[in-house]
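Now, the feature entries from TrEMBL:
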type	residues	note
TRANSMEM	B:9-31	transmembrane segment
TRANSMEM	B:88-110	transmembrane segment
TRANSMEM	B:155-174	transmembrane segment
TRANSMEM	B:204-224	transmembrane segment
TRANSMEM	B:239-266	transmembrane segment
TRANSMEM	B:278-299	transmembrane segment
Amino acid sequence: MTTLLNVEDLIKNFGGLTAVSDVNMHLNDDELVALIGPNGAGKTTLFNLLTGVIVPSSGSITFRGSDGLIPLNGMKAYKIANLGMARTFQNIRLFKELTVLDNVLIAMTANYRENFVQSVFRLPKFYKTEARIRQEAIELLKIFDMQDDLDQLAKNLPYGTQRRLEIVRGLATKPKILFLDEPAAGMNPEETADLTRLIQQVQHDFHITVLLIEHDMSLVMNLASRIYVLDHGSLLAEGTPKEIQNNDAVIKAYLGEEA
Amino acid sequence: MKANLKYNICWLILMVAGFYLMNALILVGVIDSFLENMVVTIGINIILAVGLNLVIGFAGQFSLGHAGFMAVGAYATSIMISKTPTAGVFYLSIIVGVIIAIIAALIVGIPTLRLRGDYLAIATMGAAEIIRIIINNMKMTNGPSGMFNIPQFATWPVVYIMVCVTTIIVVNFIHSRGGRAALAVREDEIAADSMGINVFKWKLAAFVIGAATAAVAGSMQASYVQTIAPNNFNIMESIAILIIVVLGGVGSITGSFVAATILGIVDAALQSFGALRMVIYALVLILIMIFKPSGIMGAKELSFKRLFNPKSRKAGAKS
Ligand SMILES: Nc1ncnc2c1ncn2[C@@H]1O[C@H](COP(=O)(O)OP(=O)(O)O)[C@@H](O)[C@H]1O
Ligand SMILES: [Mg+2]
């Protein structure tokens, strides 16, 4: 197992507030890791740093690319995405006025080419490419049982389905790492169980690395192989679910917060 | 594949039928030179509005500088065909206008498209004004008095074909990889960015295509009306194009066609009203915006696919 993403001494300040403080972490190939912590712990901020949406105040993020290590600090989000990192958003950010199919096709933009002349004059090559990527998109949607919603506008989907579409959209970019920010937020227990199973299945079938944010600790216990616990911007603990369960600092933070 | 062919043939039939209808109406004398002038003006406005709609309605970038790119095409054509009045040079001049407009759009777009909303509107407006002032101060363009007796190569069939060609290019771009990327940018820049889409590149692509079509419209205008002056391309012209886009529906190409036609007819019908004309014109605009704030068509499109399969698509029609 080799390290795919390595984070060293990562800090993010918002004015006087340190949202992420000296975080060190790493992600290996083909594993499902959870990032937990109470609300406001800095989990989403950490995601934003890793995916290039915001720039770190200091520290380093390194990605193992096909030809060597690539520093990600300050790199544009779309370039980071094209290296193989995809994400979902805690407060859903679908392309609302567009169809389910278009949402997925858009995420595939970097993975195929269409030249301007072929598209504009509708040459046979254009239809061929369109048919191929459309098929690819439908295959992905099938996994999440959304193949019948192709022409629905994203904004008209039920809440839980919108969250699933965000995951499909992330997968459509062909990521090496998929970052999921509270994918089960707002779902009922049944939907949550269903989604959890799907996330596990997708991670396993696509051999990708998944970093899953969740603030419900019990949910990730039998899902993740490793867990990072974030509290007030700093890493409180890391380890296997068992180690985390028995970690005094974690128990204290969680009981302190939620009791 | 078969289905696509069917829809494309429908569009082709529609275009050819429109052409022969127009031709017949002129032959039997229903369309006189006054009405022909109206139709050509509508056609030029359609080219302008479709291009601006791509930028505003589809890529979501609020540009107020469309008239500047129109001026580039108009002057390229005027200068070239005044020197060498042949059809070949006329068509060459359209291409030259388009190329210069693309270069100008890159120069304007690269620094300004990083701005948002109102700032972008003001910056593009300023850029168009700079283009106008440059033309105003050049010898080659005959300065503020403009150019006269420009040879007429842009007859109605030429304008008709240009309307078809520019619309096909814009619509087909919208329904392709690049167009979808531009739509994503309009919908949510952060999400698009995170999905690996080079937001800036696709904004610029839409902006450049819009500018290129505006140059074509300018070439048509110059060689149809046969006289141009820098003041034809001031901010009021950009706003007039914007009005067509908003009135028809931001994000509806069909809407731009409908609005350009309605406004063209209203404008022609009011020719004899003198000063009252602008008041009535403004009133029509206000009424439409009160009763249909999203524009005549909203974001809807005429689509053969939907006409043939009424149930297959609830929204987001593809033509
Ligand atoms: N753009 C921002 N500007 C200022 N403060 C921010 C910003 N984003 C997040 N924060 C603050 O950083 C802290 C961590 O937030 P967040 O990362 O959203 O936590 P979590 O996802 O763990 O609930 C919070 O106190 C939040 O208010
Ligand atoms: Mg969060």
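Placement of Cβ uses the backbone N, Cα and C atoms for every residue, glycine included.
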Long-range Cβ neighbours of the transmembrane segment (B:9-31) (under 8 Å; 6 or more residues past either end): 39, 156-157, 160, 164, 304, 319
Contacting positions for the transmembrane segment (B:204-224) when only residues 6+ beyond its ends and CB under 8 Å are counted: 40, 43-45, 47-48, 50-52, 54-55, 58-59, 61, 63, 66-67, 69-78, 81, 90, 93-94, 97-98, 100-102, 104-106, 108-110, 113, 147, 150-155, 158-159, 162, 166, 169-170, 173, 178, 182, 232-233
Residues of the parent chain within Cβ reach of the transmembrane segment (B:155-174), under 8 Å, 6 or more residues beyond its termini: 15, 18-19, 22-23, 26, 36, 39-40, 43-44, 46-47, 50-51, 53-54, 58, 182-183, 209, 213, 216-217, 220, 224, 253, 319
Cβ contacts under 8 Å made by the transmembrane segment (B:88-110) with residues that lie 6+ beyond its boundaries: 65, 68-69, 72-77, 79-81, 123-124, 127, 131, 151, 153-154, 203-204, 207-208, 210-212, 214-216, 218-219, 223
